[in-house]
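Annotated features in Swiss-Prot:
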{"type": "DOMAIN", "residues": "9-80", "note": "domain 'KRAB'"}
{"type": "ZN_FING", "residues": "246-268", "note": "zinc finger"}
{"type": "ZN_FING", "residues": "274-296", "note": "zinc finger"}
{"type": "ZN_FING", "residues": "302-324", "note": "zinc finger"}
{"type": "ZN_FING", "residues": "330-352", "note": "zinc finger"}
{"type": "ZN_FING", "residues": "386-408", "note": "zinc finger"}
{"type": "ZN_FING", "residues": "414-436", "note": "zinc finger"}
{"type": "ZN_FING", "residues": "442-464", "note": "zinc finger"}
{"type": "ZN_FING", "residues": "470-492", "note": "zinc finger"}
{"type": "ZN_FING", "residues": "498-520", "note": "zinc finger"}
{"type": "ZN_FING", "residues": "554-576", "note": "zinc finger"}
{"type": "ZN_FING", "residues": "582-604", "note": "zinc finger"}
{"type": "ZN_FING", "residues": "778-800", "note": "zinc finger"}
Amino acid sequence: METQQVDAVTFEDVAVDFTQEEWTSLDPVQRNLYRDVMLENYQNLATVGGQMFKPSLISWLEKKVELTVIEQGILQEWEMHLKTKRTALQQDRFWSDMSNGMQLGREHSGGEPGDPVQVGAVFSEDSCPQTHSSTSNTGNTFACNLDGKDFQPLLKETSTEENIVQLNQCVKPLIFTPDVSQKKCTPEKSVECSDCGETFVNQLELQTHSSSHREKNIHKSEECGQASTHPISHGGHVIPTEKKYYECKKCEKFFTHPVYLNIHMQSHTVEKPYDCKECGKAFTERSSLIVHLRQHTREKSYECKECGKTFIQPSRLTEHMRSHTGEKPYQCDQCGNAFASSSYLTTHLRTHTGEKPFECNICGKAFTRSSYLLGHIRTHTGEKPYECKVCGKAFSGRSWLTIHLRKHTGERPYPCTECEKAFTSFAQLTEHIKTHTGEKPFRCKVCARTFRNSSCLKTHFRIHTGIKPYKCNYCGKAFTARSGLTKHVLIHNGEKPYECKECGKAFSTSSGLVEHIRIHTGEKPFECYQCGKALAHSSSLVGHLRTHTGEKPFECNQCDKTFTRSSYLRIHMRTHTGEKPYECKECGKTFPERSCLTKHIRTHTGERPYECKECGKGFISFAQLTVHIKTHSSERPFQCKVCTKSFRNSSSLETHFRIHTGVKPYKCSYCGKAFTARSGLTIHLRNHTGEKSYACQECGKAFSTSSGLIAHIRSHKGEKPFECDHCGKAFASSSYLNVHLKIHTGEKPFQCTVCGKTFTCSSYLPVHMRTHTGEKPFQCIICGKSFLWSSYLRVHMRIHTGEKPYVCQYCGKAFTEHSGLNKHLRKHTGEKPYEYKECGENFTTSADANEHETPHWGENL
């Protein structure tokens, strides 16, 4: 009865085989490394369902049989074992028999199956097995030397537990009978090696011997895919006789044996009837599926008695136990570093050799371990299979999830022995220790700056190369480091998981929270050794030190302006690009800096966190508070050299000085008007856009400037703090008072160059000039009608929108403009403010007074 053949594809693909000559050249350390690598490969394959049976070679290695056994022919037996392509049962029996010694018999005279034949070969432990007087040909069959018939080896079991190789064609049994006492026969050697002249019993021995005559060049046959180091012409076709390489035409993979290739080919067509219902992965055996399912169910049958941790495989438990015992049996001969697992040693050795066998087929990046490659590939696919059940955040690697979970639990298992500070990961601890030692072994070859680790150096080097591999999917902005992208993405999704327990303020990064807490504690741990100034952040100290050295390493490639910090350069670049990535969710206004957005939001919320200790007045920014404090001290240290006017800060002096130079760098893109200060342009642009961000909570009226809103609020309160010294008239705004004062002085400094008309206020002159030019810059986007004033456009727009914000308190009638409401109210109040001087009659509107004038003209005529 034939046994069902089992597909044993993957272990042969990864198994490393040596010739007798090669093996004897290896030292004991290399042989131990061979054992560890073979066991690791098999373990990895078994875990993912790639290996369906355990080869006897692995069983021997797991039992730690002395590797001298392999010297005595095990590797050659393994090679021949692969060539016969036996099933799992046959392989185990074959290896068991071969380890005890075997007698090979052959019978062509009709002997009974199971009877040892007289003509045969007996093998001891140091010999190689022979086959049925056969020579290997290019196919999967073997030819009998006596009758020339082809056969395929097929193993059967007998009641005497003897192994019979049945020849399918010539039906002659080969009987393997354990017989350690017999000695190896020495049949006539009729096959000669063409390279060295040595003779052998058959072609198989010659082939095994020929592998020692390796040469550099490999000659590949295009017809069959084979390749050889020493080709021999046979019928116009290259027949390899030494070390051979067989190529798979589907995936172009090379193999050293035809059996390897045949087994590998089944991986392209092999039937896998056992499907995983979770992920769809298929397996050839049920046992492999069961092992795989543990990855989904997280079934962990092997428990550690020390800590209760469970594992899927017993080998993993064994490795874990060493973390309790401290045992590290695998030591590196190069540097003496010891490891708890052979796989760790194997990976570590690659740091000495530089070997990175696992290469990404997308970007070409190579890794020392397959697990690293798997995690890297997820950066291309975006796959994040490990999800946090607390906050829903997903990760590409299990280790990242483990470290992340410690943020929720507060667990910090890695304490520093120097300062007792603890960390969530060993990598963080390693980096922290260098802050005590000051060790920075990695130096930049361009600017000589040093770093604590190679990854920081690699990230830094991108500043010089300009490479920014991490791109934001929302806005396309690119970053040199992944951490920069991670922080940036939080701007788009608004996520702020780190909250201050003191004031409730939330931050997108843990470092942001740590820096914020120092505001409450007043801690400033970073001190300048030059002047003794203390700062709350290390980055602030770095920037501060450059004020002493004068270093400004960050240069704008547009205007050559230099900056002490990269963040300043990044913000400056937005003046060239016009980029404003920070948008207010209340009014849609955008800003080039996050700090500007933060200040702007306070205009909506009314928050004024910076309070003056002198008068209690609050401000939305620290800069405003600093300027205000100088009003109490009357300090104005910055003086203009032209007119000796003094200012509280250098920026105000710089803006003022443009009055003397005539420089107006801020130009309106709508009408071309230029301004000496950016704030002037910002306010002016609102005339074109109609934007009024500052709304009165009492009546809903909106204003383009905060000062306009403040003045308006005083109209509700009746507050008019600015009083005229000449007539006692009071005003809600200082600007209104300044315009009024010119009535008393008769000053009209703003003159029209066309007609000579003068005006008390500068804003009146450009409006007047439009009467000469005919310019009407404020256009309705709906009907195209243009206006001289933005206020006219605003009132006009209400015709299209139907908005009537001014409502009569008596009858409820609504109007589009305030003047319309005032006229209407006079009907209810009876007020008639317009008097005709000729007859003394009063009217409710100026239009009525003008109409009344017409009859008097007739009387005068």
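Numbers run from 1 along the shown chain.
Backbone N, Cα and C atoms are what each Cβ position is placed from, and that goes for glycine too.
Within the same chain, residues 463, 539, 542-543, 546-547, 592-593 sit at least 6 positions outside the zinc finger (554-576) and bring their C-beta atoms closer than 8 Å to a C-beta of that stretch. Across all of the zinc finger (778-800), the predicted model scores a mean pLDDT of 88. Cβ atoms under 8 Å from those of the zinc finger (386-408) belong to residues 375, 378-379, 424-425, 497, 510 of the same chain, restricted to positions at least 6 beyond its ends.
For the zinc finger (778-800), residue counts in helix, strand and coil come to 11 helix, 4 strand, 8 coil, using DSSP.
Residues 407, 487, 490-491, 536-537 of the same chain, all 6+ positions outside the zinc finger (498-520), place their C-beta atoms under 8 angstroms from a C-beta of that stretch.
In the zinc finger (386-408), helix, strand and coil residues by DSSP number 11 helix, 4 strand, 8 coil.
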